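Feature annotations, courtesy of Swiss-Prot:
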BINDING   ASP491, ASP497  Mg(2+) binding site
DOMAIN    558-617  domain 'KH'
DOMAIN    627-695  domain 'S1 motif'
Amino acid sequence: MFNKVTKTFQYGQHTVVLETGEIARQASGAVLVSVEDTVVLATVVAAKKAKPGQDFFPLTVDYIEKTYAAGRIPGGFFKREGKPSEKETLTSRLIDRPLRPLFPEGFYNEVQVVIHTLSVNPEIDPDIPAMIGASAALAISGIPFNGPIGAARVAYVEGQYLLNPTASQLKSSKMDLVVAGTENAVLMVESEAQQLSEEIMLGGVVFGHEQMQAAINAIHDLVRDAGKPEWTWSPAAKNEALIAAVTAAAQEGLSAAYQIREKQARTTKLREVYAEVSAKLAEQAAAAGQDAPDGVTVDNILFDLEARLVRSQILNGEPRIDGRDTRTVRPISVRLGVLPRAHGSALFTRGETQALVVATLGTKQDEQIIDALMGEYRDRFMLHYNMPPFATGETGRIGVPKRREIGHGRLAKRSLVPVLPKPEDFQYTIRIVSEITESNGSSSMASVCGGSLAMMDAGVPITDHVAGVAMGLILENGKFAVLTDILGDEDHLGDMDFKVAGTENGITALQMDIKIQGITKEIMQVALAQAREGRLHILGKMRESLDGSRTELSAFAPRMLTIKINPEKIRDVIGKGGATIRALTEETGTQIDISDDGTIVIASVDEGQAKEAQRRIVELTADVEVGQVYDGSVLRLLDFGAIVQVLPGRDGLLHISEIANYRIANINDVLKVGQQVRVKVIEADEKGRLRLSVKAIGGIEQQQAAADVPAQAETPAE
C-alpha cells in the first residue's frame, strides 16, 4: 500500500529524518521531516500548464502552525486556528526567498508549497526543518527546479560557530543567522547579531553553507530512491524578430529616459516610451496585415532592455540612474520632534525615500503577549512598518499589513534590539511605528535610522545610534559592481541585494538575497566592506542632528516609580478579590504592575499621582515593629479593650488595662469608634498578632490633655 522511503543524516547535534511515500501521496511531492520531536510536513503541487496570458511566476509558500503540535487547543471563541501569525508569515517568506530564484526563467505554471507543523519540541524551531522539507518536496516532485537547497541556523557562542543551536543555546549566542543555498552558492541570509564584525558575519555564512551540504546530499539520496520523473518542459521559444523590432523602436527612448535623474519624471518618460513602442509596433503589424503583438510580451522585452541598459552603464563606470557613482549615499535630511504630542518622532529623508518614525512609551501592561507555538512570551519592544500606496505615487489597497510590510518591520526591529536598554534599567514598553511617506528604495533601512532617532528623541537610553543601508551588486562576465544605497529600480535589476544595519562597533542585522550563481566569498567581502563605509557615513549624519538620547522624557510620556516589597506582602496590596489595588488605581489614576518577586512599577503621566500611589503602597506593606509608636484608629470596642488599626491592614489589641494610668470601669468612657489614638506596639506573637499600649507612652489622659490645649486656645475670650 505504501512505498515509504526514509533517509537519515546527522545535522550538528541533531538527527534529521526525511520520509516520503506514506503521507499526502496525491501531492506532486510530499516529505515529512523529523528533528527530535519537531515534525513538519512539506508538500508541493504544480499546475500542469500555465494560465493563458500569464507573465509572471505564481509561486505561493504557506507555512502553517497547528496548535495540536504543542499539545494545545486554540484560544478564542471558535477554538480554531485563524489568520496567519507573524511567525508564520515570516517563516513563509524565509522559505520563499531561496526557492524562487531556482525555478527556470519562463516557467509560469502555478506552484504551491504548503508546510504544516505537526509536532513541536520547544527547543527545535520548525523553520529549518520546514525549509529542508520544502526543498526535498520540490526535488522529488519532478517539477522544473534547479535545486535542491539546504538551510542551516548558525549561532556564535564564545568565539565558536555552532550549527543548528537549540532555543536554550541561542540565548547565549551573539548571532542568530539563517543561511540557505545550493551545493555551489549561497542564496539567502537572514540574521541578527550583537554588533559583530563583517568578518565574523561572513564567516557564519560560509560555515552554514559548508555544513548544509549534509542536508543537500540526503535530499539527493531521497530523489534517487523516491523521485518522480522530471517534467518534459522547455521554455517558449523567444520571438527574435519581435525582440529586434522592440529594441529598434525603444533603444533611443529608453536611453533618454535613463538620463532623467528624478524618479517621477523618469517614470513618466518610461510610460511614454512604452506607449510609443506599442503604438509603433501595432502600426507596423497593421501595415503588414498582421495582429498587433501581445502587450505583455512587449512589456517583458522592454523590461529586459531596461535591465541590460542600466547594468551595462554601471559596469562601464557610467553614472547610476540618479547620477551618483557606486559608493555615494543619497543626500540625507533629519528633523526631530516632528509631532508635538508624540513621545518621540523623527522625519528621516534619504533622497526620494522618506520615513516618519514615531516612538511611544508605555507600561508593562502594554507589552505584547505572544501566544507562540513554542511557548507564550511577552515582548516589550514592537516595531510596525507601514507603506501606503501614495509613497510611490500610486493608488492601491489600504488594509491589514501585507507580508512585505511584516517582513520589513521585523528586519528593522532586529536591527534595533541589540542597542535597547535592559528591562531593569528602563522599564517602559516601546512601540516604534514607521510610516513610509516616500519610497524609492531602502525604506526598511530608513525605518532603522528613523527608529534609532525617534527613540533617542523620546529619551530611551539606547546604547548607540543604529543606521542601515541597502546595497546592490551586479555581476557579468567576471566584472562586478557594488552599489551603495540602491534605488527601487536598481533593486529589481541587480544580481544581489542585501541590507546591513549596525552601529559603529558592528553589525546588528544582515539580510541577503542572491539571484545568481557565481557570487564568491571574496565578492561578498568587498560588498560588506563597502556597506560599512556607507553605514558609517549615515551614522555621522545622524549624530549631527542628535548625538545621544535626550535626558528628559516627553511631558506626555508616563512617569514610572519602582519600589520593592516583601513578596509575602503582595496580597496586602492586591486585597480581597483585587479590591485594594483596584481602589488604588482608580483613586490615584495610575497603572500599577506587580511582579512575583515583589517589584512594583507605578506609572502615571502625573508624577504627583504616582508618588501618592507609592506612599499608599508603602503604608500598606510596611512592617509593624515592636517598640515603635503609631497613630492608630479605633476600629471597634470590646468589653475588655479595643481593636486599633496601626497601619492599613494591620491592627492589634489595646487591652483596657493598657489605656490609662487609672482604672477604667467602662471602655466607652474613654474611647469611641473612629477615634485617633497614639499607641505603642509592645508585643507581636509568632502569628503576627499585636499587643498595643497607650499607658506605655503616658496614658490616654495625657493625649486628651494635649488635645484640649489647642481647643481652649481657640475658645474666644468672654
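Using the three backbone atoms N, Cα and C, a Cβ is placed for every residue, glycine included.
Each residue of the domain 'S1 motif' (627-695) gets a DSSP state, and the totals for helix, strand and coil are 7 helix, 36 strand, 26 coil. Listed in sequence order, GLY441, ALA470, GLY472, ASP497 are the same-chain residues at least 6 apart in sequence whose CB falls under 8 Å from the CB of ASP491 (Mg(2+) binding site). Counting every protein chain shown, the number of other Cβ atoms lying within 10 Å of the Cβ of ASP497 (Mg(2+) binding site) is 22.
Summarising model confidence by region, the domain 'KH' (558-617) averages a pLDDT of 89. Helix, strand and coil counts from DSSP across the domain 'KH' (558-617) read 32 helix, 16 strand, 12 coil.
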